[in-house]
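Per TrEMBL, the features are as follows:
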- 12-29: transmembrane segment (TRANSMEM)
- 41-58: transmembrane segment (TRANSMEM)
- 70-91: transmembrane segment (TRANSMEM)
- 103-124: transmembrane segment (TRANSMEM)
- 136-157: transmembrane segment (TRANSMEM)
- 169-190: transmembrane segment (TRANSMEM)
- 202-223: transmembrane segment (TRANSMEM)
- 235-256: transmembrane segment (TRANSMEM)
- 268-291: transmembrane segment (TRANSMEM)
- 297-319: transmembrane segment (TRANSMEM)
Amino acid sequence: MGLLERLRKEWFILGIVLVIAVARLEPGVGVKGGPLKPEITITYIAVSAIFFNSGLSLKTEELTSALMHVKLHLFVQIFTLVFFPTAIWVFLQLLSITPINEWLLKGLQTVGCMPPPVSSAVILTKAVGGNEAAAIFNSAFGSFLGIVITPLLLLLFLGSSSSVPFTSIFSQLFMTVVVPLIIGQIVRRYIKDWLERKKPPFGAISSSVLLMIIYTTFCDTFANPNIDLDKFSLIIIVFIIFSVQMSFMFLTFLFSTRNNSTFTPADTVAIVFCSTHKSLTLGIPMLKIVFAGYEHLSLISVPLLIYHPAQILLGSLLVPTIKSWMLSRQKALKLTRQPKAPVKV
């Protein structure tokens, strides 16, 4: 089964997961102390497994070369941590006069403040054949920026009286993101020949772990008996989320492919996914820290819970189209760079 098929299968399973979570058929699965022990398996093991898997699968020379692509990194980080939350804030000023649940609207703002994701953008970039090394670097680098910038953005746009323990968040992120990535690279040096010969299903492993993260988060949120969702607001929020994603993906595509751009087609693929995707695994813990004690924390979390599977769905549906564009663009560029044969007189 190809990576695209696995992503589509993941979305189908995720739909079932959401139905179960909303229906509260298993209300204790995702909460602290449940059978899956998400406070341990998700907080530490799952995220670490994703980055260890990335470190193991990525060629060291590709990651090293990605570090020097400063212009691409600046584009991604400025778009996702500056332009994205600002544009959402302006948009929400218009939506504030509508009857949409105000806490869901606040949740949309929190989505805009989140850093790039730790896995989904990398998986989709790899599925297309884009610059996977750049996607991984921006996931890790964006996560570190998010430790400081995301709480500040949340406080700026929404406000909170709680103190944010930056030191503990930074140390946890270092241990679950950077350390596993480095260990994966070290292990790869010793089993490189075996990896190239056997070609383990790295994409399937990452997708499975990501599915587990989303599942437990849904269960944790909808296990709250006080959550109050009206259908109209929820449907509108889902529509807005898909519209925002499509619009921003198109916008990043236009900017990264303009005539004076130095980005390659493979770079554009990484930019489109990394700039528009938002982290669920970092976002939910961050919301719980910044908005600790908030009565409507569950409602604020809902848009982020919707945004994450929506970005996987849209991304997987667009993989064939983006891949076709990238290959045709690469072929065209290759032809233009070939020296013309001399004309015989």
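Note that the numbers count up from 1, one per residue, in the order the chain is shown.
Glycine is treated like the rest: Cβ placed from N, Cα and C.
At the 8 Å Cβ cutoff, the transmembrane segment (70-91) and the transmembrane segment (297-319) share fewer than 3 close pairs (sequence separation 6 or more) and do not count as touching.
Listed stretches 103-124, 136-157, 268-291 were compared with the transmembrane segment (297-319); the greatest number of C-beta pairs under 8 angstroms is found for 103-124.
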